[in-house]
Amino acid sequence: MAPNLKKVFEKLDDLPAAVHKTSNELRELDTKAENTMRTAKIKLNDLLNSHAKHNKEQHLKIYKEIHELLKSAERMHSRKIHLAEKQYDMIDGKINNLDRDWAEFLDMQRQTAIDEKNRLYEAAAELEPSSLKRKPASSRKEKKNEDYKAIRMANISAAQHKSFELVPLPQHVVDMPIDPNEPRYCTCNQVSFGEMVGCDNKNCKVEWFHFQCVGLTEPPTGKWFCEACSQARKKK
């Protein structure tokens, strides 16, 4: 059980014993009050049935006894009401405290989950290479995509052999018509193709760049900023 949740329930530890103690006292008072009222009733009946047998002093004595019994029963009934109200207030207070503490616990759990989620996102963002971010979708034909893939693999192979001369686009790819509605990216203002890298500046106007246009031959490590955003960051 979580420490904070444990504290919430620890506040209820004394409740069963307190309720049991008060309930026992109420039971005892109820029994005593009934016996007292029963005794007073017997004395009253005796007084009424044997009125002629007793003199004035005896009548007064019995009357005072009945009066004291009734007063005693009244005090016990008042005590019972007081205990019942006290027990009600105690239980009601415990319920209100539990509701408040439980709501605070749930809020804290929700906030902890949100903070942990944000922390994981931030940690993942720090470790994620820019080139692995979501690349803009391309609507080029499948044949052209296959040609780009072949060119990309050739460029990667050249880079691994320290040869940075990139493989040029074949003529049939260059001449293929481009959808005028397809989004444009990079400083070359062309559509998405091949390997692309995203600028880590959220406010970058261009956002996505072709490897060839920014002089990259492999995905950058860590955060990457385009030349315009790099210059802007230096001026700050």
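Using N, Cα and C of the backbone, Cβ positions are placed for all residues, glycine too.
Straight from TrEMBL, the features:
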- Cys199, Cys204, Cys226, Cys229: Zn(2+) 2 binding site (BINDING)
- 183-232: domain 'PHD-type' (DOMAIN)
- 127-146: region 'Disordered' (REGION)
- Tyr185: site 'Histone H3K4me3 binding' (SITE)
- Met196: site 'Histone H3K4me3 binding' (SITE)
- Asp200: site 'Histone H3K4me3 binding' (SITE)
- Trp208: site 'Histone H3K4me3 binding' (SITE)
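Within 8 Å of the centroid of the Cβ atoms of Cys199, Cys204, Cys226, Cys229, where the record puts Zn(2+) 2, the same chain has further Cβ atoms from Asp200, Asn201, Lys205, Val206, Glu207, Phe209, Phe225, Glu227, Ala228, Ser230. Here the Cα atom of Tyr185 (site 'Histone H3K4me3 binding') is found 13 Å from that of Cys226 (Zn(2+) 2 binding site). All chains included, 23 other C-beta atoms sit within 10 angstroms of the C-beta of Met196 (site 'Histone H3K4me3 binding'). When the recorded sites Met196, Asp200, Trp208 are compared by Cα distance to Cys229 (Zn(2+) 2 binding site), the shortest distance belongs to Asp200.
Recorded residues Met196 (site 'Histone H3K4me3 binding') and Trp208 (site 'Histone H3K4me3 binding') have their alpha carbons 6 Å apart, per Cα-Cα distance. When each of the binding-site residues Cys199, Cys204, Cys226, Cys229 is scored by how many other Cβ atoms sit within 10 Å of its Cβ, Cys204 comes out lowest. For Trp208 (site 'Histone H3K4me3 binding'), the nearest neighbour among the listed recorded positions (Cys199, Asp200, Cys226), judged by C-alpha distance, is Cys199.
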